[in-house]
Each structure stands twice: as structure tokens, then as C-alpha cells.
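Quick look at what TrEMBL annotates:
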| type | residues | note |
| --- | --- | --- |
| TRANSMEM | 72-90 | transmembrane segment |
| TRANSMEM | 97-116 | transmembrane segment |
| TRANSMEM | 136-155 | transmembrane segment |
| TRANSMEM | 162-184 | transmembrane segment |
| TRANSMEM | 196-216 | transmembrane segment |
| TRANSMEM | 228-249 | transmembrane segment |
Amino acid sequence: MTAEMLAAVLIAVAIGAVLQRVSGTGVGLVVAPTLAVLLGPVQGILATNIITAMSGGLITLYVWKYVDWRRYAVLAPAAVLGAVPGALVVRAVPAAWLQISIGALVLLTLVITYLVRTLPHLEGPVTTGLAGTAGGFFNTTAGIAAPAMVVYALVSRWDQRAFAATMNPVFMTMGLVSFLVKVAFGATGPEGLPPWWTLLAVAATVVVATFGGGLVARRVSPGMARALALSLAGAGAVVAIFRGVLALAG
């Protein structure tokens, strides 16, 4: 990994962690398409899983008292059910198609934000469990569980502050589970795990960005932060799809 590539990765991580601290989503949306382009879809999403786990764990320490642990207790185990088939997909599907699917999944998130008023009202443990399973699958295959979680939050009319807080331990668990399942099923790709020194750099960036996100949260509304995250994610998604199409054509 070149110095320029590492700098781009750390910038994406910093932006994602700040947005995650402010609005509850951001790390996967920003980091996944960026790392899929820079590192390739398999290693990029593997790195995203690690980053999501680290950032989710750190931010949880800041928002612990606002976390809805009852919902977490349903979402987290359900994510494991989705992670296993997700790892099998990563091992079997060509890299170009993974890049295209990653970009398409992010764009799906953008579409969902415009369908808020048309979604039905659904609650209960079954709905929560299905959301967790879908999130675990998407997080393992594309590093992005936000579409499933955002839809669930909307249909269940989940309070924004509780949602933003609870997503951190949820994403921490999903990231860790996705990483472990990929290692267990041999779905880490030919490149293997990211270099250990890049993980140290990422960890330091997450710590600083999480602290900075707390300061930003006092001045920037969650809605504004979410809009910025989706805009950046949309740009990254288009690039990921474009590269995937070029790989198929070439």
C-alpha cells in the first residue's frame, strides 16, 4: 500500500467515524465504497469490517446510556445468521460483481431516504430479527448494514437518538462477526488480511475522529451529517460500480 493510498483510506475512515458519531451511520457508507476502489472489493470490505468493529466499540463508550440494549439483544444474534451465507457469497462471487453490488447497495440506501413516508409501520421481535439477519448478510458481503438498519428504524418509528446510539454496538458486533466468519470460511481473498501497521493507523484515526465527532455533534445536526454521509457514499458508489463494469468489460 502506497503512502497516498493509506492517506486516502485514513481520510475516509476519519470522515466516516465523525459522521457515525453524529448521526449513527457513516463508517460503512463512506469507507466501504472507498476501500473497495482502493484495495479491491474483497480486502476492502474485510478492512471495512475491522474498521466498523473498532469505531462502533469506541463510540459505544460515549453513548452507552442512550443504547437500547433490548433491541440490540435481538439484532446482534440475528446478524450471525446473515453473516454465514454472506461469507459464502464473498468466497464464490467474482470481485467485479462484488464491486458492482457494493455500489448498488449504497445507491439503494439513497433511494430509501426518499421513500420514508411510504413505508408501513412494523414492530416486534420478528421484524427486528429479520433486520438483524439482513444487516449481517449485507455487512459481510458489502461492508454496509445501514440500508437494512435504516429501513428498520423507519418502519418501527425508532427514536433517532436511541437509533444513533444503538447502531454503534450493533455495527461493532456485525463487523466482528463478519470478519471472524470470513476468516473461518476462507473468504479473505488472495491478499489475506490487511497489514498490521495499517490497522494501527486506522485505530489511531478512529480514536481521534470519534473525539472530534463529539465536538462536531454539538454544532451539526444529525440530519445535516446524514445528508453529507449519503452524498459522499453516493459518489463512492458510482465509482465502485464504474470500476466493476470496466473489469467485466475488460
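Even glycines carry a Cβ here, placed using N, Cα and C.
Caution: TrEMBL annotation is automatic and unverified by curators.
Listed as Cβ neighbours of the transmembrane segment (136-155) (distance under 8 Å, sequence separation of 6 or more from its ends, same chain) are residues 25, 28-29, 31-32, 35-36, 44-45, 48-49, 52, 78-83, 85-87, 89-90, 98, 101-102, 105-106, 108-109, 112-113, 116, 119-123, 127-128, 163, 167, 170-171, 174-175, 177-178, 181-182. Listed by sequence, the residues of this chain that lie at least six past the ends of the transmembrane segment (72-90) yet keep a Cβ under 8 A from its Cβ atoms are 42, 45, 98, 125, 128-141, 145, 166, 169-170, 173-174, 177-178, 181-182, 184-185, 187.
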